[in-house]
Amino acid sequence: MSARILVVDDIEANVRLLEAKLTAEYYEVSTAMDGPTALAMAARDLPDIILLDVMMPGMDGFTVCRKLKDDPTTRHIPVVLITALDGRGDRIQGLESGASDFLTKPIDDVMLFARVRSLTRFKLVIDELRQREASGRRMGVIAGAAARLDGLGGRVLIVDDNERQAQRVAAELGVEHRPVIESDPEKAKISAGGPVDLVIVNAAAKNFDGLRFTAALRSEERTRQLPVLAMVDPDDRGRMVKALEIGVNDILSRPIDPQELSARVKTQIQRKRYTDYLRNNLDHSLELAVTDQLTGLHNRRYMTGQLDSLVKRATLGGDPVSALLIDIDFFKKINDTFGHDIGDEVLREFALRLASNVRAIDLPCRYGGEEFVVIMPDTALADALRIAERIRMHVSGSPFTVAHGREMLNVTISIGVSATAGEGDTPEALLKRADEGVYQAKASGRNAVVGKAA
């Protein structure tokens, strides 16, 4: 996974070392030797991640980080502060400045690439969310999901047989999050399938294999996307590498530093929240794309795609497909007499009656205006005619109540019915025959059903 990384340090040897390591892993690297240059490059180039040394003359890393986070152009870019080994105060100040994470000198390669990979994935989600929100603003849709999702605590499952360590982690997280401790990996798997935002697992647990537990989470559909942080001893490089290979999102080096814990937990929970929002938003967008907003039925676009595949299957020897084309009688008169708001009420009520009188396998759609279509898979013409007659009677049998009960309208419909005719038939021909049936039904006085054989 490649990314564009800006490395900022006033010591050239440090810059060149990081540049060489990152370039060898196919990252695109740019460099700056001071704060003002870094700010200008960040605003101009919009890198994916910024690695920023704390101790720089003139403008230190904290000031640079604050300025990046104050600028709407760059505030979304994750910043990793590079601190001294004993820099607890630096990490506290870094969090206050808006840093996403930390690296400690001397920089360990495994931790460097774990941090970069984790934040690169996070940045991809941020970019997608920002793009969706920009599109929403252009379309006049209320945006601001990222702001609403930020700052929300999460439910964190701590899987650890070291009770003292688990309690310490839970105490650190308890102010902002809702930690739950589980020492039994089998019970933890069940818990992970529930409303959990993050799992923290002891990769070096004595009574169970933490890496095997993580692999099991990744193999299950319901927990595959769940973020996992692994607690690993800093000198256990083999376990670190293996944890990352099997799908751990990031590493927590023991003993656990409270600021690093806070930063890493925040990043993973934010990423999950953003991803869940995007996934739900996509599902909603897909639903909107195939749904008529007035009636709640499928729209013409969706109907066309489904009809194409059903007719193709029928012409290749499958069961017949029938189509009902329905037109509300004198609908223009309803609009002209009572207004378009009442007309919309009639359309919504008709859609409810239509949907309640077709089978689960049928596809009722709004075709346009006052025209509706029902696609009926595996249905011969005679069966479709019976269903069409039932719909007609259900519509005409009782008045439509509109205008909050102040008006009662008698509504009737004309229905044309057709069915596929075997090899050579097309969706267009099927609907054309149904349309001819509607024309004949109206010519005969309306409130009628007419079938049209091929």
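Every residue gets a Cβ built from N, Cα and C, even glycine.
For Glu370, the entry in Swiss-Prot reads active site, proton acceptor, with the evidence type sequence analysis. Packing around Glu370 (active site, proton acceptor) is summarised by its Cβ count: 20 other Cβ atoms lie within 10 angstroms of its Cβ, all protein chains included.
Every protein chain considered, the tally of other Cβ atoms within 10 Å of the Cβ of Asp53 (Mg(2+) 1 binding site) stands at 23. What Swiss-Prot records for Asp9, Asp10, Asp53, Met55 is Mg(2+) 1 binding site, and it gives experimental evidence as the kind of evidence.
Sequence-distant contacts (6 or more apart, same chain, Cβ under 8 Å) of Ile328 (Mg(2+) 2 binding site) comprise Ile334, Val346, Leu347, Phe350, Glu370, Val411, Thr412, Ile413. Under the DSSP three-state reduction, Ile328 (Mg(2+) 2 binding site) is assigned to strand. If you look up Swiss-Prot, you'll see Asp327, Ile328, Glu370 marked as Mg(2+) 2 binding site.
Its own atom aside, the Cβ of Asn335 (substrate binding site) has 16 Cβ atoms within 10 angstroms in the protein chains shown. Residues or ranges marked as substrate binding site in Swiss-Prot (evidence: a curator's inference): Asn335, Asp344.
If you look up Swiss-Prot, you'll see 155-269 marked as domain 'Response regulatory 2', on the strength of sequence analysis. For the domain 'Response regulatory 2' (155-269), DSSP puts the residue distribution at 50 helix, 24 strand, 41 coil.
The domain 'GGDEF' annotation in Swiss-Prot covers 319-454 and is backed by sequence analysis. For the domain 'GGDEF' (319-454), the number of residues in each DSSP class (helix H, G, I; strand E, B; coil) is 57 helix, 36 strand, 43 coil.
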**Request:** Give me the Cα-Cα distance between Asn335 (substrate binding site) and Asp327 (Mg(2+) 2 binding site), rounded to a whole Å.
**Result:** 15
**Request:** Starting from each candidate's C-beta and looking 10 angstroms out, tell me which of the binding-site residues Asp9, Asp10, Asp327, Asp344 has the most other C-beta atoms.
**Result:** Asp9
**Message:** Below 8 Å Cβ to Cβ and six or more residues apart, same chain only. Which residues does that give for Met55 (Mg(2+) 1 binding site)?
**Reply:** Gly61, Ala84
**Complete:** For the domain 'Response regulatory 2' (155-269), the averaged pLDDT of the predicted model is 94
**Asked** Rounded to the nearest angstrom, how far is the Cα of Asp10 (Mg(2+) 1 binding site) from the Cα of Asp344 (substrate binding site)?
**Response** 67
**Item:** Inter-residue C-alpha distance, Asp53 (Mg(2+) 1 binding site) and Asp327 (Mg(2+) 2 binding site) (nearest angstrom)
**Value:** 71
**Message:** Give me the CA-CA distance between Asp9 (Mg(2+) 1 binding site) and Asp327 (Mg(2+) 2 binding site), in Å, as a whole number.
**Reply:** 72
